[in-house]
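Heads up, the thing below is written out as structure tokens.
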Amino acid sequence: MSVLVRLTSKIASLAKSGRIASARQVFDGMPELDTVAWNTMLTSYSRLGLHQEAIALFTQLRFSDAKPDDYSFTAILSTCASLGNVKFGRKIQSLVIRSGFCASLPVNNSLIDMYGKCSDTLSANKVFRDMCCDSRNEVTWCSLLFAYMNAEQFEAALDVFVEMPKRVAFAWNIMISGHAHCGKLESCLSLFKEMLESEFKPDCYTFSSLMNACSADSSNVVYGRMVHAVMLKNGWSSAVEAKNSVLSFYTKLGSRDDAMRELESIEVLTQVSWNSIIDACMKIGETEKALEVFHLAPEKNIVTWTTMITGYGRNGDGEQALRFFVEMMKSGVDSDHFAYGAVLHACSGLALLGHGKMIHGCLIHCGFQGYAYVGNALVNLYAKCGDIKEADRAFGDIANKDLVSWNTMLFAFGVHGLADQALKLYDNMIASGIKPDNVTFIGLLTTCSHSGLVEEGCMIFESMVKDYRIPLEVDHVTCMIDMFGRGGHLAEAKDLATTYSSLVTDSSNNSSWETLLGACSTHWHTELGREVSKVLKIAEPSEEMSFVLLSNLYCSTGRWKEGEDVRREMVERGMKKTPGCSWIEVGNQVSTFVVGDSSHPRLEELSETLNCLQHEMRNPETFGP
């Protein structure tokens, strides 16, 4: 074996074991480099997600004595696909043509895959149509099929699926998983039925997609259990992918007993299994159990760390999420855009502007600022911290804005009372070809409510129902009631609540009635407030909010006895008002304050300052007549 072959094999072995830095040292120390050695290093970077390193290495390869071949191009196109960088991908395609590899089957398949993952179906289809019919294989067809499914162009995908000269099981899975990703359970089940009637049998990936489709909505619990039963019958219950999807299904539904039973039944634990267990524990609120599993995991990759950071953030422990992010950076694990997005969401929950800006600087250095997931988190962070200019700038930096990007910026403008900017943004969103969803209209209606735009709000509400046929939800009704309530239109607010009473009452979320009761308190309408309170007592007999609002209403109108009676009833029912909580970041340190708490180390100094402020506020000379 020659020295060149031996060293190239060593690079591959080191990279496969995760020792990529050592692999690069061997690569840099080689006396000569052929194309195979370059490809081995390039492929290693691409597979490990080190995309910037892969791009830099490919650039070096272009100007070296060794020239890129079809394996080089497939590796760098895979990097472009993972980054979603269609602009760089087009440059690679131009280089492919100039280098004479435009007839290479692996390269063309990689081009279709790259364009598909970047949602550029026109370019993917052009590459496909430019290929000779005889040169296409199953991978070619499946890559084009995935491109259309990824872009949610279901009719075009179906045309490709029907046109395929020879279907394979993977094509069925692409169709099912694509519909599952969009929550189209009926389509998934219909395709699954057709698959059972064909020559192909479902595998663990098929069942995994079906379980994921059932996980999208709690109303699908019956279908989920049925799919699980079929999975057991077909002998796929022990497969890692299927097992993880079942675990995810039960945790998303909040079925703690079923989730724990699935956890205990896992015998062979892969890296994916460890991550799934941690995720499952976090989703059911078992943060201590998740931490225990984290420490037991033999290997901790970027997904493991990100799952912990995300889990702590969702469970309201943003400080612990930040600590884990710092520990991850110290451990030497290369962070990705998902990790940055997760820790930014944690900063948003705590309104930590200083920490968020430092993390923003780090992710710019790593080249992640253009990712939609990161950009959305940045917009949310700056908006919650009151810096709307930075939020708008972060929105502008997002390369490929998705629906979440537009919705997040829409909410940001709305919360800050910038109704004109919010409505203009909505117009730009429609002009960009982005279809609004239920969340979009919650943001629009909230904006109109906070800005007193009653007429515009009514038009938007009507457009949502008639033009876009979006199913009405409790949150939409609540926004409308809040809008009418803030404007003093209590009669209209009551009519709306009465009209949609079945929707409002049948939901476990009684925010609509609570909003109406709050409006009654604001405008001192005791009679309507008492009427609404009766509805809330029937719907939520153990919920203290309706009692607190009614008591405040009585007290605000000087009816102290009735207010005291309501408070007494709360005591008799064993209810307690949830104490208020606030926090502030000063000098990169977070201080938290809870009503009645006296544990803060600077309590005496803070009390003196508050007393001084209260004295000045009550002094008529402070503000003048």
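Yeah, the Cβs are placed from backbone N, Cα and C, and that goes for glycine too.
Counting same-chain residues at least six beyond the ends of the repeat 'PPR 2' (34-68), those with a Cβ under 8 angstroms from any Cβ of the stretch are 4, 7-8, 11-12, 15-16, 18, 20, 23-24, 27, 75-76, 78-79, 82-83, 88, 95, 99, 302, 334, 336, 366-367. Swiss-Prot lists 34-68 with the feature repeat 'PPR 2'.
When pLDDT values are averaged over the repeat 'PPR 5' (137-167), the model yields 93. According to Swiss-Prot, the feature repeat 'PPR 5' maps to 137-167.
Residues annotated as repeat 'PPR 7' in Swiss-Prot: 203-238. Within its own chain, the repeat 'PPR 7' (203-238) has Cβ neighbours under 8 Å at 169, 172-173, 176-177, 179-181, 183-185, 188-189, 192, 195, 244-246, 248-249, 252-253, 255, 267-268, counting only residues six or more beyond its boundaries.
Positions annotated as repeat 'PPR 8' by Swiss-Prot: 239-269.
According to Swiss-Prot, the feature repeat 'PPR 9' maps to 270-300. Mapped onto DSSP classes, the repeat 'PPR 9' (270-300) shows 23 helix, 0 strand, 8 coil.
Annotated repeat 'PPR 15' per Swiss-Prot: 473-503, in sequence order. DSSP labels the residues of the repeat 'PPR 15' (473-503) in these numbers: 26 helix, 0 strand, 5 coil.
Annotated region 'Type E motif' per Swiss-Prot: 512-587, in sequence order.
Per Swiss-Prot, the feature region 'Type E(+) motif' maps to 588-618.
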Per-state residue totals over the repeat 'PPR 2' (34-68) - DSSP helix, strand, coil: 25 helix, 0 strand, 10 coil
Secondary structure content of the repeat 'PPR 8' (239-269), with strand meaning DSSP E or B: 23 helix, 0 strand, 8 coil
